Amino acid sequence: MRAVRLHAKWDPRPEFKLGPKDIEGKLTWLGSKVWRYPEVRVEEVPEPRIEKPTEIIIKVKACGICGSDVHMAQTDEEGYILYPGLTGFPVTLGHEFSGVVVEAGPEAINRRTNKRFEIGEPVCAEEMLWCGHCRPCAEGFPNHCENLNELGFNVDGAFAEYVKVDAKYAWSLRELEGVYEGDRLFLAGSLVEPTSVAYNAVIVRGGGIRPGDNVVILGGGPIGLAAVAILKHAGASKVILSEPSEVRRNLAKELGADHVIDPTKENFVEAVLDYTNGLGAKLFLEATGVPQLVWPQIEEVIWRARGINATVAIVARADAKIPLTGEVFQVRRAQIVGSQGHSGHGTFPRVISLMASGMDMTKIISKTVSMEEIPEYIKRLQTDKSLVKVTMLNE
């Protein structure tokens, strides 16, 4: 079968030390410290086969390009990949996907029915392949699994004709049938994963909101835009998005944003205070990936606003120092939380239900492409911000 594969050279930086979970020449939890000169290309690879009774084979229908895919293929001036996390190459990329079950092991249980997965069942899947038995998993934190693997990062992913996953990571999309027809069902299904990342950030880690609260989202990428839709559906009074791209600001309005800010032309602090009548926001989402640039403005809003007890949730991956002023968070009773992943807490089924109830995330898909075009668009998305989500659509 055909698949989009990433190859890179294992060439650790001088200061890198092999960690306890790293495997020399194969796998690291610090990708940007090790992998150099990435190449992305379409190749022929063997079709996956069921090896455990709990596994399913999925015929991939749709798979979106994530910023992580872009950063695994993008390099700094020394040729090292930008993505800082868990990676093991070569690997088939792709983790924002949906498809249909074409084979199911005898113990592959569908959590929607508590019965074996049906052949032809439309599904999506988590990319965080948690073990379920380490201490973080046992305490209910699968996104921080000590034995974590990740689909499309160190386990072969879904920019392919077929992908194999354990049934415990798969979620039925039957609820979307009748709401989305034809390819749109699978396009919507491919957006469950990134939308769940946003849900985990603003609802699970950020603590959610009370209806009537104000929220501010910095960064109008897919995660930021998903947060706009989720928080508006959760009852936010004023959803404010800050984003330089006009295309993305307009999409935010379509998804429910009450106000949008162009930070290159407007004073972010004054705009937020004006839109909220001086109260500020209960929740801020940092989704820009450049926290060192936006943090001073977030702090100033928190300091000057009449409202207290704000939460700042950091969701964008960035190996950057934040210029934090502790006094601001002490006096204004504010807090910072980090957010990683999308697993646990019933996040996937809740996102699917939101989509079934009318939260249409397919609006963010700028273009559908073939598998052969994926390497080109992974490269193009390094610089082209007019495209929000590019999604592979298989026949």
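Glycine too: its Cβ is placed from the backbone N, Cα and C atoms.
Annotated Zn(2+) 1 binding in Swiss-Prot involves CYS66, HIS95, GLU96 plus, out of the candidates GLU181, GLU193, GLU243, the residue GLU193. When CYS124, CYS145 are compared with the Zn(2+) 2 site residues CYS131, CYS134, CYS137 in Swiss-Prot, the one appearing in that site is CYS145. For CYS137 (Zn(2+) 2 binding site), the same-chain residues that are 6 or more apart in sequence and have a Cβ closer than 8 Å to its Cβ are TRP130, CYS131, CYS145, GLU146. Within the same chain, residues at least six positions away from CYS66 (Zn(2+) 1 binding site) with a Cβ under 8 Å of its Cβ are HIS95, GLU96, PRO194, PRO222.
Taking the mean position of the Cβ atoms of CYS131, CYS134, CYS137, CYS145 as the Zn(2+) 2 site, the remaining residues of that chain whose Cβ falls within 8 Å of it are TRP130, GLY132, HIS133, ARG135, PRO136, ALA138, PRO142, GLU146, ASN147, LEU148. DSSP gives SER68 (active site, charge relay system) a helix state. Between the CA atoms of GLU243 (NAD(+) binding site) and SER68 (active site, charge relay system) there is a gap of 19 Å.
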